[in-house]
Amino acid sequence: MIFLALIAPEAIFALAPSTVWCRSILSSKWECITFTRGITTEGTYVAHELSMTHGFFIVMGGFVTKDGNHPITTTSLATQYKSSIEAVRDEEIADKSKSDLLAKALTVVQLFFFIGVYGVRVKEGLQISALETSTLGLAVIQCLTGFFWLKKPQRVGQAIAIDFGHPSCPESKSTSDDTPNQNSERGQNDTTTLPGPFRAGGHTNQAESWCLTAVRKALNGAMFGRYDFDPMAASCVPRFWSGDIEHNLHLFWQLLCAVLLGGVHLLAWSTKSTFFPSFIEMWLWRICALILAASPILCVLLLLIKNCFNTGSDSLRALFACLPYGIAALYLIARATLLILSFTTLRGAPTGILIDVNWRF
């Protein structure tokens with residue numbers, strides 16, 4: 001996940017607000033169930049609000065069934081185990097998720113300190129490397145992701161097995177175990193299994209078909225957050241699982257993150273203080289940054305135009321349907337180019353890049 005956050009921060013950023021949205025929907029349905037079942041004999045209403053920690057832990061697959069270790073991560077399953085989930089305290093979830101408040105605080109301080117240093121260097125007219133600008137984009141995205149995940153447990157270090165009666169913790173289930181029922185850093189692993197013919201060296205067509213299916217599922221999960229997932233037939237949730245609430249916000253957040261990343265990379269154009277060894281590299285950086293910022297907007301416009309041709313020719317509709325894929329490929333090329341330029345432009349860097357900022361006021 002750390003490597004993915006470096007090369008594709010859009011996927012991680014989109015996951016954060018999507019899980020928050022699913023948690024809020026789950027909380028509202030939770031309150032509806034409480035309203036119908038939480039009336040005492042005296043007629044008073046007993047409120048049992050679903051905490052943010054519990055909601056995140058449900059989406060992450062932290063609660064599993066005691067019989068089968070299946071993740072209780074869908075809305076229907078969570079409401080069935082409502083009383084048992086409410087019996088688990090937030091402190092117990094924090095202990096099983098290995099959350100560390102000090103580590104979170106240090107991370108936030110480092111991110112904001114780097115952003116502050118970058119701003120001061122620009123204000124003082126000091127030279128900046130392209131690598132610092134790329135890092136600034138990742139730092140901004142990480143700050144926004146941390147804002148959405150402020151109350152989110154760090155990971156499912158140890159799943160909590162519950163039944164309809166009371167919760168219990170597995171005796172030998174931790175992140176270091178190498179077992180089929182092992183949850184990953186977020187209680188998430190790929191649930192796709194190899195078919196028998198592929199394992200046995202079957203036909204080439206079958207292998208290619210399996211590869212294409214796996215790629216399609218991976219892209220649908222990373223880009224749209226959609227999975228053909230049955231929790232009662234699995235031992236963990238998919239890697240980019242953000243709940244079973246149907247919504248179209250996953251791709252929207254990715255497009256918004258792409259525009260934000262492109263805008264940050266364009267700072268190297270507007271500030272005039274970023275060092276580039278050659279004129280070609282400078283303009284290559286600017287062009288790729290423009291592609292990053294403009295690609296999501298073009299994709300949305302093309303999809304809107306395609307929807308306007310409901311009665312048009314099929315060939316024209318097919319053209320507007322395929323163009324976004326070409327723009328997406330161009331975006332990936334520009335993203336990779338900027339990542340390479342971040343390191344290649346360090347050659348021959350002047351000593352002005354090493355000058356520290358003056359913190360005296």
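The backbone N, Cα and C atoms fix where each Cβ goes, and this holds for glycine too.
Taken from TrEMBL, the feature compositional bias 'Polar residues' applies to 171-194.
Residues or ranges marked as region 'Disordered' by TrEMBL: 167-198.
For 1-22, the entry in TrEMBL reads signal peptide.
Sequence-distant contacts of the transmembrane segment (101-120) (same chain, six or more residues past either end, CB-CB distance under 8 Å): 128, 132, 135-136, 139-140, 142-143, 146, 357, 359. Per TrEMBL, transmembrane segment is recorded for 101-120 (among others).
For the transmembrane segment (126-150), same-chain residues at least 6 beyond its ends with a Cβ under 8 Å from one of its own Cβ atoms are 5-6, 9, 12-13, 16-17, 19-20, 56, 104, 107-108, 111-112, 114-115, 118, 257, 260-261, 264-265, 267-268, 271, 273-276, 285, 338-339, 341-343, 345-346, 349-350, 352-353, 355, 357. Annotated transmembrane segment per TrEMBL: 126-150 (among others), in sequence order.
If you look up TrEMBL, you'll see 251-271 (among others) marked as transmembrane segment. Long-range neighbours of the transmembrane segment (251-271) within the same chain, counting only residues 6 or more positions beyond its ends whose Cβ lies under 8 Å from a Cβ of the stretch, are 9-11, 13-14, 16-18, 122, 128, 130, 133-134, 136-137, 140-141, 223-224, 285-286, 288-297, 299-300, 331, 338.
According to TrEMBL, the transmembrane segment annotation covers 283-304 (among others). Beyond its flanks by at least six residues, the transmembrane segment (283-304) meets 130, 254-256, 258-259, 261-263, 265-266, 268-269, 276, 320, 323-324, 327-328, 330-331, 334-335, 337-338, 341, 345 of its own chain at Cβ-Cβ distances under 8 Å.
Packing against the transmembrane segment (316-334) from elsewhere in the chain are residues 258, 287-289, 291-292, 295-296, 298-299, 302-303, 305-306, 309: each is 6 or more residues past its ends and has a CB under 8 Å from a CB in it. The transmembrane segment annotation in TrEMBL covers 316-334 (among others).
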